[in-house]
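One structure below.
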Amino acid sequence: MNIFSFYIINNDAPEPWQICYQDSATKIMSGIDKLTGEIFYYETLLLIIVGWVLISAIIKYTKTELSYKYFNHGTLIEILWTCSPAFILIAISFPSFKLLYLMDSIIDSQITIKVLGHQWYWSYEYSDYLDNSGDSISFDSIMIPTDDLEPGQFRLLEVDNRIVLPIHTHIRFICTSSDVIHSFAVPSLGLKIDALPGRLNGISTYVEREGTFYGQCSELCGVYHFGMPIVIEAVRIEKYLEWLNIHLDNTPSS
């Protein structure tokens, strides 16, 4: 590894014993990561303060004959320990309201992708594009078995057909299910939406950098729930157009 390198290696896939988020590729996920870090900091500070008060009180009042050790009611202290957590929760909730609003907002999209959950694989349809026969681009995405993986690929996360998206483009996912409840989730993009049978749910994203992003079904959907990985490959618009041409079969015949 070159310590003088100006390149940043992003973590877009889960790792063993990982306890933090994957690196974000959207502003929404960056906001979620930042908010989580701030809340964790203040929670740690509160834990230290409250723990110190409790331990100090235990040590002090078990070694003294003061009458306060038998004190079992106090209006002021009860108001304080009731109102203080309420104010803290309110202060924490306000920054999250903006993120919740942005996550639920459906922006005018340039590309719409339909997502259909099955037991146990995903189907995708690019309904904005039609091939020479008038059909839209659609394909199934099935997990690659462990025995068929190539060196460097992730177990239980690789699929035979990936979603390919252009960066710096507003994209909308419309999700539903053909059988049971599934959940379409890609942590690096801040995407998580339920796929419900008989109902359409929508979510928008705007990918800011190239990369390969991994996700999974996040709703227990049966015995092979683990076998529903999601792989999204974000590329430059030029590569995306090349991918479209291949799938639309627009190459002139010789």
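Cβ atoms are placed via backbone N, Cα and C, with glycine included.
Remember, predicted model here, so these are calculated numbers, not experimental data.
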*From the candidates His170, His182, give the one listed by Swiss-Prot for the same Cu cation A1 site as Cys217, Cys221, Met228.*
His182
*Within 10 angstroms of the C-beta of Glu219 (Cu cation A2 binding site), what count of other C-beta atoms is obtained when all protein chains are considered?*
19
*Hey, does DSSP put His225 (Cu cation A2 binding site) in a helix, a strand, or just coil?*
helix
_Long-range Cβ neighbours of the topological domain 'Mitochondrial intermembrane' (12-38) (under 8 Å; 6 or more residues past either end)_ = 95-96, 98-99, 102-103, 154, 157, 187-190, 205-209, 211-214, 234
_Sequence-distant neighbours of His225 (Cu cation A2 binding site) in its chain (C-beta under 8 A, six or more apart)_ = Trp120, Cys217, Glu219
